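Undergrad: Not my notes, these are from TrEMBL:
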type	residues	note
BINDING	Ser9, His67, Gly143, Phe144, Gly145, Gly146, Asp176, Gly177, Gly178, Gly198, Ser199	substrate binding site
BINDING	His34, Asp36, His67, Asp176	divalent metal cation binding site
ACT_SITE	Asp36	active site, proton acceptor
ACT_SITE	Asp176	active site, proton donor
Amino acid sequence: MIRPLIAPSLLAANFANLQHDLEMINDSEADYLHFDVMDGVFVPNISFGFPVLEVARKHSKKPLDVHLMITDPDRYIDAFAEGGATTIHVHYEACTHLHRTLTHIRKMGCRAGVALNPHTPVDGLEDVLEQLDVVLIMSVNPGFGGQSFIPHTFRKVAKLKQLLTDNRASTLIEIDGGISIKNASALLSAGADILVAGSSVFGAQDPLEAIRQLKNSHQPMVA
Ligand SMILES: O=C(CO)[C@@H](O)[C@H](O)COP(=O)(O)O
């Protein structure tokens, strides 16, 4: 079985000591650093932007997985690509010309991702699969960390996996919101490849161990 890719979400880090938390992630088995950008319009919260991106780029050795929870994301794709993003996710609900936006993200040298709000069906992606490296399924309504996982996500992941298989697409499936060791293995069985985790990592007594457990969550738990 393939081990999942793990992306700790910086939103849940200790901003009073970001360098410490970034170094913890560097020392961990995490595969990416998930970077949530919120504009207070697309979602009812404002998080962080370019000054924090610069800190992350300086101190993080992990590829940056940037999730743009903003309206009109086209305005900022070049800046995030030049700022060091490896992957840029735009929201399906925020893009009028999704095909063009995804093509542009790739042209800027990044992997192209689309994030789906919990109410957005996966079917609308069929005509952009060739432009798409990863789909970020939101398992909470975006805007805040620490929310409860929406159980409907299991069916949605399975449906997307089927769509990708039917189209012979190599697009990865990433899940974000309320992820912990409790739901990780069921999500992987449904077809997820990448797990984003905020509070279950940074709220743990031992964040390194929490990341290690998520990384090994494809294996049956030993009682
Ligand atoms: O994008 C978001 C929230 O909008 C997420 O990336 C959260 O940061 C995940 O946090 P937890 O639900 O794991 O605490």
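Cβ from N, Cα, C; glycine included.
What you see is a predicted model, and the numbers here were worked out from it, not measured in a lab.
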Undergrad: Once near-sequence residues are set aside, which residues in the chain of His34 (divalent metal cation binding site), 6 or more away, have Cβ atoms under 8 Å from its Cβ?
TA: Ala7, Pro8, Ser9, Leu10, Leu11, Asp65, His67, Asp176, Val196, Gly198
Undergrad: Using a Cβ cut-off under 8 Å and a sequence separation of 6 or more, which residues in the same chain sit near Gly145 (substrate binding site)?
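TA: Within the chain, Gly145 (substrate binding site) has Cβ neighbours under 8 Å at Ser9, Leu11, Ala12, Gly198, Ser199.
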